[in-house]
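Asks: Shown below is the structure under consideration.
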Amino acid sequence: MIQVTLSDIKAWIDCDIEAQFLDQSIEGVTIDSRQIEKGMLFIPFKGENVDGHRFIQQAFGDGAGASFYEKGSTYEVPKDKPVIYVEDTLTALQQLAKAYLKHVNPKVVAVTGSNGKTTTKDIIENVLASTFKVKKTQGNYNNEIGMPLTILDLDQDTEVSILEMGMSGFNEIELLSDIAQPDVAVITNIGESHMQDLGSREGIAKAKFEIVSGLKSDGLLVYDGDEPLLEPLVREADGFHKVSVGIESDNKVQCRIAQVHESGITFEVNDKTAYDLTILGAHNMKNATYAIVISEFFNVPQEAVQTNLSKLQLTGMRMEQSTLDNGAKVINDAYNASPTSMKAAIDTLANMKGNRILILGDVLELGSDSQAMHASVGTYLDGKGIDVLYTFGDASQSISHSGKAHVNQCAHFTDKTELIETLKAQLSSEDVILVKGSRGMKLEEVVEALK
């Protein structure tokens, strides 16, 4: 984590600090006064309901080494304490993160996309960790506050920083990319998330492509070459290397599944090199291939990449497999969802042996096209060999309506307990159950109830 003096901070950001405090050191940063540890820098934010400036005195009492203070705040300035006066605490946080990242000077890998950001981030960390000291974004710290905090948590000997970049509107990823100045940028795919804010998939593609705004001139863009919406954006951009990844043959790097196992897949890259992956799905094959391309860019030995992929462990609720006491298999993919990722999950389940049970919840934030997009998921079930379809929520009823003709059994639930009891009553050792929905649906509760 960051360990610097206030003199360093004064040189890095726009601020005022009394001369007597310039030798004061800080170690670590927090925006939550309840998490203060000795020597930390406290950064107060003014929210709709609570102004963090009211907790500055408490933060110092709990051992804070220093605190930002927004000029113009009406709260009392602590006397005889190391206070850093700034115009805006968010801007100052971002300036500090950008400067500290330059100070640590790791290689930076930035990851965005509608689906698969966290999985791709985890895989990249996995393949690089055998060669470099790597640190990645934890949890969902991927916005204008979370990403700077991730940067400020880097140890000074970090060699590679993997930064996830999320957004809900235009210009947000541009800001994050400007802070991070990445050596490598990854766009995993373009889905439907945030459609209600960005208007169309074309809008989503443009917002995601903002990741190249801070990409270094000798940097690398790795992107989903199977996504036609990215191609015109890639063609118009220059000044960095570009590698398209995908299943289609016109990609610079092509990947294809060679074999499906119970616990993962074997896939080939450019029809010559085979990799074993301990997670399911063609979409995860593509995520792994992004990591393979990046490992080549950083000169990681191919044998090390193959070994690490074969032992991969992911963040929970992403194609997470478990076996119930009765022998039934459960795939917990409940962390989040979009229509695109649901279709990928259907393909994964279709390749598995057993009585295939699909449990889908609502996809949130789809805007006015929500009903049609949910219905498209149900239609996609045609010919997939799914035996049972259960949906839960409100909007997902459209999946049941359009999908019931393509499965042997179908029902929609508005009560999660009723869904759980229905499942428990019919479970057998031959069942393979895949659970997926938006984060707000909390479908992991279904998985936990079955265990």
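Just so you know, glycine gets a Cβ as well, placed from its N, Cα and C.
Quick paste of what TrEMBL says about this protein:
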type: DOMAIN; residues: 26-100; note: domain 'Mur ligase N-terminal catalytic'
type: DOMAIN; residues: 111-294; note: domain 'Mur ligase central'
type: BINDING; residues: Gly113, Ser114, Asn115, Gly116, Lys117, Thr118, Thr119; note: ATP binding site
type: DOMAIN; residues: 317-439; note: domain 'Mur ligase C-terminal'
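Locate each feature and note its surroundings.
Replies: When DSSP labels each residue, the domain 'Mur ligase N-terminal catalytic' (26-100) comes out as 25 helix, 17 strand, 33 coil, counted as helix, strand and coil in that order.
Mean predicted confidence for the domain 'Mur ligase central' (111-294): the pLDDT average there is 94.
Reduced to three states, the DSSP call for Thr119 (ATP binding site) is helix. Within its own chain, Thr119 (ATP binding site) has Ile279, Asn284, Asn287, Leu314, Thr315, Arg318, Met319 as residues 6 or more apart in sequence whose C-beta sits under 8 angstroms from its own.
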Asks: Enumerate the residues of the same chain, Gly113, Ser114, Asn115, Gly116, Lys117, Thr118, Thr119 excluded, that satisfy the criterion Cβ within 8 A of the mean position of the Cβ atoms of the recorded ATP site; list them in sequence order.
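Replies: Neighbours found: Val111, Thr120, Thr188, Asn189, Asn287, Ser341.
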Asks: I want to check the contact list for Lys117 (ATP binding site): same chain, sequence separation of six or more, C-beta distance under 8 angstroms. What comes out?
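Replies: Residues satisfying the criterion: Val111, Asn142, Glu164, Met165, Gly166, Thr188.
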Asks: Tell me the residue counts in helix, strand and coil for the domain 'Mur ligase C-terminal' (317-439), as DSSP assigns them.
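Replies: Here the numbers are 47 helix, 31 strand, 45 coil.
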Asks: What is the total of other Cβ atoms whose distance to the Cβ of Gly113 (ATP binding site) is within 10 Å?
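Replies: Here the count is 27.
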